[in-house]
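Below is one structure, written out as structure tokens; the observations come after it.
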């Protein structure tokens, strides 16, 4: 069985550097990744097309600059983009296709697949390759996710899947979710992990063994919070288990070394807040804003994460961090 690898280094990795990757960094990594045989190289603001903003962070480059830079660097791999309806629009998708995007992935909250209907339909009308993912998948049951996936396929998605956005799932949770989806839809299934509880590689293997055919990851795990699935670990493990990735290991190890040298300020690690984020079920990308607001207010950041988890906060609601910090400070005084 062939497993397609979606390399999210230049998109999810943006979270780790506050969306400040430069054109030179994008070009350097994309060129290296293109030599590996990886199927898709994903690029953009960490939150996707149209997301560069005060609320979730201004990117160093515009979407146009990011996409054109990477497009020029790819000869073999497809270029992928990610978009969340509400941040991105049909106008953003139009531009992305004009800049040479090969694969568009639309993301929604795990119970809000209907938000992707218009965008997926439009993409299919354009003849574009359209995928869709359900985010924060720990917040929905396997049956609910399968129903949502069926809706996405009905809207035109040619591959569907789930993101463990908070790094909260364990292998048995992944197996149950992918198995339920596999029984209900016939298109390829996608899995995207975060490593808050140290489960990213194990969860990705569980997804593949349950029937997923497209797996996300990043060189050196470079991504939000505790990072993503570390591709240079996952790839040889998949091959050892008898799955084909089509990726040259030495070339990918070289790309990962380059990423460590040129893209990262500090390598991803599972620190105390990463663990708390995973346990609380809060999006990994909240780490920096929680630290900033909690630190300035003298509030324990761990308490902030658990309260955000209790409220079931999702990506895009970063403004509520300020509210939670203020309430915790008042309660302590």
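Yeah, the Cβs are placed from backbone N, Cα and C, and that goes for glycine too.
The domain 'Pyruvate carboxyltransferase' annotation in Swiss-Prot covers 3-253, and the record cites sequence analysis as its basis.
The Cβ neighbour count for residue 192 (substrate binding site), using a 10 Å radius over every protein chain in view, is 30. Residue 192 (substrate binding site) falls within a strand when secondary structure is assigned with DSSP. Per Swiss-Prot, the feature substrate binding site maps to 11, 12, 165, 192; the stated evidence is sequence analysis.
Taken from Swiss-Prot, the feature site 'Transition state stabilizer' covers 11. For residue 11 (substrate binding site), the Cβ neighbour count at a 10 Å cut-off comes to 28, with all displayed protein chains included.
The feature Mn(2+) binding site is assigned by Swiss-Prot to 12, 192, 194, with sequence analysis given as support. A simple way to gauge crowding: the CB of residue 194 (Mn(2+) binding site) has 32 other CB atoms within 10 angstroms, across all the protein chains here.
The active site, proton acceptor annotation in Swiss-Prot covers 15 and is backed by sequence analysis. Secondary structure at residue 15 (active site, proton acceptor), taken from DSSP and collapsed to helix, strand or coil, is helix. Cβ neighbour count for residue 15 (active site, proton acceptor) (all protein chains, 10 Å cutoff from its Cβ): 25.
Same-chain neighbours of the Mn(2+) site beyond 12, 192, 194, judged by a C-beta within 8 angstroms of the site's C-beta center, are, in sequence order, 8, 163, 164, 165, 193, 216, 217, 218, 223, 224, 228, 229, 284. Long-range neighbours of residue 165 (substrate binding site) (same chain, six or more residues apart, CB within less than 8 Å of its CB): 135, 136, 137, 192, 194, 283, 284, 314, 315. Within 8 A of the CB centroid of the substrate site residues 11, 12, 165, 192, the other residues of that chain are 8, 46, 82, 163, 194, 216, 223, 224, 228. Annotation note: residue 165 (substrate binding site) sits in a coil segment as assigned by DSSP. Sequence-distant neighbours of residue 12 (substrate binding site) (same chain, 6+ apart, CB under 8 A from its CB) are 42, 46, 216, 218, 222, 223, 224, 228. For the domain 'Pyruvate carboxyltransferase' (3-253), the predicted model reports an average pLDDT of 98.
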